[in-house]
Amino acid sequence: MAPPQPFSMEEQSGELCEPESEEGEKQGPGTPSDQAHPVTYDAPDGGWGWVVLVATILVLALTLAFPSCIGIFYLDLQEEFQASNSETSWVPSIMTSVLHAGGPLCSMLVERFGCRATVMFGGVLSGFGMAVSSFSHSIVDLYITTGVITGLGFCFSFQAAVTILGHYFVRRRPFANAMSSTGTALGLSTLPFLGDYLQSTLGWRGSFLVLGAVLLNCCVCGAVMRPVRPRKPRKSEVMSNGPRPAGKKGCVLGIFQGLASSLRKHMAFDLFCSNPRFRVFSLGITWMMLGFVVPLIYLVPYATAHKMDPSRAALLLSILGFINIIVRPPVGVLFSLSWFKGRHIYVFSAALFINGLSNSICCISASFPVLLMYVLMYGLSMSLVGSLMFTVLMDTVEMSQFPSALGLLSIMESVTLLIGPPLAGILVDRTDQYTYVFVACSITVALSALFLMVSFYWLDSRDAAQKNSSPASGSPAKPAVNLAMDCQYSSVPTDGDKTHNLSSEA
């Protein structure tokens, strides 16, 4: 019988064990060679990575697409709690904002416990939040349960899944990102049907309870996300045996220092200041999010307010999801070509500009054919934007800095995602017209696209000019080298040379 080989299966599949933080802390700092040369493994770019890709698609279907489907229960929540448009719109707004704002906390959990445990914990938290929200007695209760608790669970599952997918794919990363973004389309195409069916049979309370059980499937998806490489030893673990400040004041000071260092590490403030491309991209995306998701929230209320059947209004969101499912895979294959390397940002900006202009179509009429044309144009441009967003971010920063960059970008997005839908609700309350909402979203998104395109073109032009001027700046140094090469040097024989010459003559 052959002796057991405990690491052979893990090496073949690209899997490593979860980080054993407790044992590492007990063993102490270890040898310098172990700390300077941690064990690393190449990304599989296939193999078990395809299973992780499918799991990521399902996680994104259950998390990113969920806030847009709250619009199906929009009128029910208004009637139940006698709330205005602005008050009701805070529910999906808080959910979406917390989904993005929890990025730094998610990065800490990923570093401490790994992506698999973080995704599973997010599934439990989001399912618990939706189940508890079915027992709410006021709109404020929904802010806490549906908005904060469920949104935080979405954040943990979504960002941890995207992070581990980036470790599994390097050469095929644009294709993997495009395929994973179809999860949002999958959720948009299925959750409206499910929500409409549950709302008509169980009401909004029973629907929220069932949807809470559905969200627990994030735990199943997280269970298959095996880590690719072990966690690198942290300085806190290496220096765990060092002296610590004594007393209550020293403990409080240590806590604040640790919190400050964690924020610096997981929110990439230094990267925002030193990397102009990341700074421009994060500002443009923050600007874009002010009006990017608002049409998805108000599309169903806009259609039903003009006497459209709720099932046909939900069908519009499903068509939007099916368009994304069909378009995103070939888009991922297309933009994986080498010709598009360095040009992803321009395709992204052009698609975002078209997406912004498409919102003005809703101002023509609220009939089903007009809204169907709007959904087709919005869905095509949304497919390109969703497929390239993480690819552009990965092109802008190094992969080792991606979690912290995503954390800071998520914090910045959460501000505009939080205030966007309530501002649109105030606009509807004061004008009694949904068309002004779509006009405002059209202007906001189109201007953000122009900002990204012009800024990156200026940065590329500046870098090209610096690259072309670098040989010219080094040209004055050449004559000095030539003069030195033209000089003739005479060698002075040493004692060793004289001895060698005498021996050769003999």
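Don't overthink the numbers, they just go from 1 along the chain as shown.
Each Cβ is built from the backbone N, Cα and C atoms, and glycine gets one as well.
Automated prediction, rather than curation, is the source of TrEMBL annotations.
Features as listed in TrEMBL:
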DOMAIN    51-463  domain 'Major facilitator superfamily (MFS) profile'
REGION    1-39  region 'Disordered'
TRANSMEM  48-75  transmembrane segment
TRANSMEM  117-136  transmembrane segment
TRANSMEM  142-168  transmembrane segment
TRANSMEM  175-194  transmembrane segment
TRANSMEM  206-225  transmembrane segment
TRANSMEM  280-301  transmembrane segment
TRANSMEM  313-338  transmembrane segment
TRANSMEM  345-368  transmembrane segment
TRANSMEM  374-393  transmembrane segment
TRANSMEM  405-428  transmembrane segment
TRANSMEM  434-459  transmembrane segment
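For the domain 'Major facilitator superfamily (MFS) profile' (51-463), the model's average pLDDT works out to 83.
Contact count against the transmembrane segment (280-301) (Cβ pairs under 8 Å) is highest for 405-428, out of 206-225, 345-368, 405-428.
Among residues of the same chain six or more beyond the transmembrane segment (48-75), those with a C-beta under 8 A of the stretch's C-beta atoms are 13-15, 88, 91-92, 95-96, 99, 119, 122, 126, 146, 151, 154, 157-158, 161-162, 164-165, 168-169, 176, 179-188, 190-192, 195-196, 199, 204, 207, 211, 214-215, 217-218, 221-222, 224-226, 293, 296-301, 304, 310, 314, 317, 321.
Proximity of distant same-chain residues to the transmembrane segment (175-194), defined by a Cβ-Cβ separation under 8 Å and at least 6 residues beyond the stretch ends, is recorded for 49, 53, 56-66, 68-69, 72, 161-162, 165, 168-169, 211, 214, 314-315, 317-325, 328-329, 331-333, 335-336, 383, 386-391, 394. Sequence-distant contacts of the transmembrane segment (142-168), counting only residues of its own chain at least 6 positions beyond either end whose CB sits under 8 Å from a CB of the stretch, comprise 14, 43-45, 48-49, 52-53, 55-56, 59-60, 62-64, 66-67, 70, 77, 81, 90-91, 93-103, 105-107, 109-110, 115-116, 118-119, 121-130, 132-133, 136, 176-177, 180, 208, 215, 218, 221-222, 225, 227-229, 390, 394, 399, 402-403, 406-407, 410. Sequence-distant neighbours of the transmembrane segment (434-459) (same chain, 6+ residues past either end, Cβ-Cβ under 8 Å): 276-277, 280-281, 283-285, 287-288, 290-292, 294-295, 298, 301-302, 305, 345-346, 348-350, 352-353, 355-360, 362-363, 424, 427-428. Sequence-remote contacts of a segment are chain residues at least 6 beyond its ends whose Cβ falls under 8 Å from one of its Cβ atoms, and for the transmembrane segment (117-136) they are 18, 59, 62-63, 106, 109-110, 142, 145-146, 148-158, 160-161, 205-206, 208-209, 211-223, 225.
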